[in-house]
Amino acid sequence: MTEPLLSSAAPEMKMEETSSSSNLRQPKKRFVGRRTADAHAQKDASISSKDVESTSVQRVAPRRNPRTLNQVPPEILDDPEIQAAIELLPKNYSFEIPKTIHRIRTSGAKRVALQFPEGLLIFATTISDILTQFCPGTETLIMGDVTYGACCIDDYTARALGCDLLVHYAHSCLIPVDVTQIKTLYIFVDISIDTSHLIATLERNFQPGKTIATVGTIQFNATLHGLKPVLERAGFKVVIPQIAPLSKGEILGCTSPQLSPTEIDILLYLGDGRFHLESAMIHNPTIPAYRYDPYSRTLSRETYSHDEMHALRRDAINTAKSAKKWGIILGSLGRQGNPNTMAMIENHLNERGIPFVNLLLSEIFPGKLASMSDVECWVQIACPRLSIDWGYAFPRPLLTPYEALIALGVREHWDSANSGVYPMDFYAKEGLGRTKPQQALQGAA
């Protein structure tokens, strides 16, 4: 449920501008071992043999210049034609066109796959035209399959289509670039917003001294971090929580940090829609949640039917306990399905002598599963929110991997194991979305 709150006309406010260069990650200092230092010392002709003693101070050779491989050169950054082409795109959306052009040129990619979420497909053809114009000899391919989130990165299809590089827009690096099957470039698409209105609205609705936990999608992550010092100067205490390995402040629809209700007064979500916020609300049922929509510039109080959701999921788990035959669905939409999680559940079923069937699906619909009526329980390794949000619409129980392990007696129920809080940690470091091969052996005979 959404309850709008008082807005503000956003009076003029002095806000310090933060240089974009301050947000750039600085290169880590390289550790120089003793063996390397000795080698440099021997090559330095300016150091005489008299000075090379255990107690003498030796002059260290100057560090080499930093690597420039990933730095966009001025001839691309300052190219007036490229800048003119970028003007065709919204000014407050950072599609990082110069960075993409540089990556295509330096990698020598000849066929580039572009993957967008539904909301950004409107800009796909424009970006495609810009890249092909400034990267002669390069062909672009727009991937049209639905992209729900960071888990849907489709490097397998891009590789099958003969692409050399995949550019994935508007999601974080949930699947690391050293794991993807082809070279991958993540573009977060930072979105700039008018923060003065947000600050004025918060000041009008909340008393100074409140502790606010700020979260959002990756597009607004830079804004969240920029807001922290401004809100603190206004008298608020600001916490930007993290659930590793996600970035600080970033949440997904299936993964969000669990906060202490005694330390946090307000959970503030920056973004449009409720899908991601609901993850944080499920994981923090006692903390009041608010959503600021930067497009409509409204602040609303958000609520969630925790009791109803818990009752539906308990009923599905209890029904699954008596199922004679199970079905295991491995999601094939991008990287949604984890084969190791599937193997782990298979091992537990085999250990208990429960027959099962495996099914590979890109999208899961009730009608598809209803045609296999002999299967009395399904567990889907794709998106936990599909079961949580839509499980009631399926003719048989549709469990998440976590719920399946509860039904099989492998894990404790959230009522006893997590103080009644349903966990939202699917892509956390030890979450079931990241099951490793050795963990898949659990339950094996």
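Backbone N, Cα and C atoms are what each Cβ position is placed from, and that goes for glycine too.
What Swiss-Prot lists as [4Fe-4S] cluster binding site is Cys151, Cys254, Cys383. Sequence-distant contacts (6 or more apart, same chain, Cβ under 8 Å) of Cys151 ([4Fe-4S] cluster binding site) comprise Leu174, Ile175, Gly334, Arg335, Gln336, Cys383, Tyr427, Gly433. In the three-state DSSP reading, Cys151 ([4Fe-4S] cluster binding site) counts as helix.
Here Swiss-Prot flags 45-58 as compositional bias 'Polar residues'.
The region 'Disordered' annotation in Swiss-Prot covers 1-74.
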Point to revise | Extra residues within 8 Å (Cβ to Cβ centroid of Cys151, Cys254, Cys383), [4Fe-4S] cluster | key: Tyr148, Gly149, Leu252, Gly253, Gln336, Ala382, Pro384, Arg385, Phe426, Tyr427, Gly433
Practice item. Using Cβ-Cβ distances, find the residues under 8 Å from Cys254 ([4Fe-4S] cluster binding site) that belong to the same chain and are at least 6 apart in sequence, listing them in sequence order. Key: Ser279, Cys383, Pro384, Arg385, Met424, Phe426, Tyr427, Gly433
Review point. If you draw a 10 Å sphere on the Cβ of Cys383 ([4Fe-4S] cluster binding site), how many other Cβ atoms land inside?
Key: 25
